[in-house]
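J.: So Swiss-Prot says this about it:
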type     : residues  : note
ACT_SITE : E234      : active site
DISULFID : C272-C299 : disulfide bond
CARBOHYD : N123      : N-linked glycosylation site
CARBOHYD : N197      : N-linked glycosylation site
SIGNAL   : 1-22      : signal peptide
Amino acid sequence: MLPFNSCVYVLLIISLMSNCRALCRATALQGRSLCATGGPDAAFRAEHERLSAFESRPSSGSYDMRRALEPIEIETWFHIVSGETDADLVTDEMVILQLHYLQKAYEKASISYRLKGVTRHINETWARNGDDSAMKKALRRGGYSTLNVYFQTNLQPPSTTDFARWTSDGDNRHAYNSDLAPLSVLGFCTLPDPSINSSSPRSSYSKDGCNVLAKTMPGGPMTHYNRGGTAIHEIGHWNGLLHTFEGESCSEDNAGDYIADTPQQSVPTDGCPSQKDSCPDSPGLDDIHNFMDYSSDDCYASFTSNQLKRMRDMWFSMRKGK
C-alpha cells in the first residue's frame, strides 16, 4: 500500500498535474473501429425502473434526507498487472494521479474511494486478460461492496472472433484498434447484480470489479486516452450507470440509460466534437462531455445530477453492507 501523507500528497498532485505532458509518451489511437457493449439483464433493468420511480416521487421524510446526504466511502483496491517487458510502465505517480482524478470525478455525488492497498504482479497471461477468472480469484480483496480495479498493461479480448460472445455476459466494455495490437480494449466492468445479498458466497461475485488498460492511466502512452478517464467510465458501470447511448436508438420506446436528464443518444461519441446530435427529433444535444459516453479523455467532464443520484441509490440498494 502506498504511504499517503496528506500534505505530501497534495503537493505531489500539484507538481504531477503541472508536468503531466512530460510524463506522457505519445502512442496514437487510430479510433474505435469496434465498440461492443454487453446489455444489462432484465433484473438489472427492473432495478433501474424501480429506482426511477423511487426518485421521481416526493420525499417521504428523514430517511430520504439521510440517504440523500450520507457520505459514501468505498473501500478500494488497485491491482497493477504487467507483462515482463512493461513491468515498470505503471509508476506510483500514475497511481496517485488516477486516485486523485477518481476522487474529483465523484465528489459531487459525495462518493469517495478509500484506497486500502495497491498490489503489483508480473504475469504475461493475466496482463493480456488471458485468464480473467483465475486472476480475480487470486487477487480480489474484500466483499461485494469493495471496489477492485485491475490495471492490465495489455488488456485484450481472448480473440477477435470471440469478441461478440465475450461481451454478452452483462459486462460493459469498449474497444479500439490500435498500433499496439490488432484489437485491444480500454476497459470493462461488472454492473451491480440484484441477486447478490449479504449472505451470498464469495464465489458468486468473484469476477466483480473493473478491468482497465493501464496505458490509459494519467501519464500513460495512449494519446487522447491517457488522463485516467477510462477508469472513471468503468467505475461508473460498477456504480450502476449505463452508457448514455444505451439501446442505440432514437425510438420513443427505447428507455436508454434510465436517467431522465441525459438526452436521447443513438450512437457513441468518437473523440471530442464541438457538438453532436444523434437524435435531432428529441430534446437536447448529445452529452458528449459525460463520463458514460465514449468520448476522448479531453472531452470528459461530468455526470448529470440524476446520474449522481442514481449512483447513490444503486449503492444503498445493491452494494452497501454486502
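Any Cβ shown, glycine's included, is placed from N, Cα and C.
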J.: Please work out the number of neighbouring Cβ atoms within 10 Å of the Cβ of E234 (active site), leaving out its own Cβ.
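T.: The answer is 27 other Cβ atoms.
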J.: For each of the glycosylation sites (N123, N197), count the other CB atoms lying within 10 A of its CB, then report the residue with the highest count.
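T.: Per the Cβ count within 10 Å, the most buried is N123.
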J.: Using DSSP reduced to three states, classify E234 (active site) as helix, strand or coil.
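T.: In the DSSP reduction, E234 (active site) maps to helix.
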J.: Here are the disulfide-bonded residues: C272, C299. Which has the lowest count of other Cβ atoms within 10 Å?
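T.: Looking at the disulfide-bonded residues C272, C299, the Cβ with the fewest others within 10 Å is that of C272.
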J.: Taking only the Cα atoms, work out how far E234 (active site) lies from C299 (disulfide bond), in Å, as a whole number.
T.: 16
J.: Hey, how far is C299 (disulfide bond) from N123 (N-linked glycosylation site), Cα to Cα, in Å?
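T.: On Cα coordinates alone, these residues lie 33 Å apart.
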